Amino acid sequence: MARTEGDSWDLANSVGATATMVAAARAAATRRSRPIIADPFAEPLVRAVGLDLFTRAASGEVDLDEVAAGLGFVRMVDTFAARALFFDKFFADAIAAGLRQVVIVASGLDARPYRLPWPTGMRVYEIDQPEVIEFKTTTLARLGASPTADHHPVGIDLRDDWPSALRAAGFDAARPTAWLAEGVRIGFLPPEAETRLLDNVIELSAVGSRLAADYGTINGSSAESQQLAQQMTEGWRAHGLDMDIAGLTYPGEHTDVAAYLRSHGWKTATADHGDLVLAAGLAELTAADRQSPASTIGFVTAVRSTD
């Protein structure tokens, strides 16, 4: 089913199920003998959502890479582990630069407010659908987990007036901020909402602020991309999952985040899927690996150096 303006979802279906899939991949990566990331909260969060395949993948009963490769997504666990590490390093660099305010947009099952070693005085805001925020904070509280920063969850849809909700939660636009938009700028918002999101981030960012994001679309317009999307949709459906890959994304021209930020005076650095995998110390992507949907996604880190 195609996405519509104002549609809704939860962590067991549609866009929400992709967040659960990514968390299952982080859990699988954490279980490896030589893990590049450690996310002890990924498995219990996935288990609480209750999608059988991802629960078994998170616990090690099922090889998620094997399942995903059969659907056309090779090296899924490496992909999301390397992505998580890339963004973890972004926060480490922001901390080293003296930033003490963070905003994570569309946080999903991201547990960074709980798992990263934030310095004293760090304020971490995270924004997502109210039901997602409530589910995650309640589940982690039941596990006895506590945030490692001054944590401010903000439950609101990114298509709504989230800047006002963020300010109401205590966000200070006069302080440099480290912004993270992980897994949201890949077609899950309408093109106009993507641009509006960037405009809002720019407006709320003091000099010295930083942003990290991935961007592109997991569902291209080419016949090959459409065929792969259909293959993945049918494969996930065979596993009892509601993830219509073509229907998850909005059509239209999506914003090149790096170019947009540069046009507004931000200094940017870009990377691709292969760069992240190599930086993580993992095996280089083969030609076959580069046929994965992940290879269509770009990555950017940016710094606001002037008003």
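Counting starts with 1 at the first residue shown.
Including glycine, each Cβ sits where the backbone N, Cα and C put it.
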> Considering the S-adenosyl-L-methionine binding residues D157, L158 given in Swiss-Prot, which of D110, D128, D199 is annotated for that site as well?
Replying inline: D128
> Of D128, D157, which of the binding-site residues has the most Cβ neighbours inside 10 Å?
Replying inline: D128
>> Using the CB centroid of D128, D157, L158 as the S-adenosyl-L-methionine site centre, which other residues of the same chain sit with their CB within 8 A?
In response: V105, A106, I127, Q129, V132, I156, R159, D160, W162
